[in-house]
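Shown next, in structure tokens, is the structure this report addresses.
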Amino acid sequence: MVAVYPGSFDPITLGHVDIIKRALSIFDELVVLITENPRKRCLFSLEERRKLVESALKNVDRVRIDVHRGLLVNYLKEHGIKVLVRGLRAVTDYEYELQMALANKKLYGELETVFLTASEEFSFVSSSLVKEVAMYGGDVTEWVTPEVARALYEKLKEGKR
């Protein structure tokens, strides 16, 4: 069975990688779908995020990386995928993700959403936190791959010019 793990991945964190690897213990294949979220202002372009996701997952089998602009359920329908994977860090994540799961189910009745809780070591890690810590010169190397950390520091340095 194929499932989709969507997100903005701006940037991808080791928490995301952990969810991906754990989802692969359940599903035959996982599509990591990099999406645009109009409510988020991304630091990295869609193509930059794709490259960072590819580098973070280079040693992970049974993963397909794709990009989508538009309504998520349209992508799922077009590709005949009926399972969505979402990661949960806290109760606040659950409230939002439950609303999204119910809305997606209403739009695509065959869709099931599977929630995976974050591993304890990543339960506080978010892309927003990583960007904020890096912006102030903090060390993010325990939360992202070396390639992502490098790209993040370079991007933030460019922004200060």
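Count begins at 1; order follows the chain as displayed.
Each residue, glycine too, has its Cβ placed from N, Cα and C.
Some features that Swiss-Prot has for this protein:
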BINDING   SER8, LYS40, LEU72, ARG86  substrate binding site
BINDING   SER8, PHE9, HIS16, GLY87, LEU88, ARG89, GLU97, PHE122, SER123, PHE124, VAL125, SER126, SER127, SER128  ATP binding site
SITE      HIS16  site 'Transition state stabilizer'
Across the listed ATP-binding residues, SER8, PHE9, HIS16, GLY87, LEU88, ARG89, GLU97, PHE122, SER123, PHE124, VAL125, SER126, SER127, SER128, what is the farthest Cα to Cα distance, given in whole Å?
18
Hey, how far is SER127 (ATP binding site) from ARG86 (substrate binding site), Cα to Cα, in Å?
15
Shortest C-alpha distance to SER123 (ATP binding site) - which of the binding-site residues SER8, LYS40, LEU72:
SER8
Neighbour count (Cβ, 10 Å) for HIS16 (ATP binding site):
24
Tell me, how many other CB atoms lie within 10 A of the CB of LYS40 (substrate binding site), whichever protein chain they belong to?
12
Specify the secondary structure state of LEU72 (substrate binding site) as given by DSSP, simplified to three classes.
helix
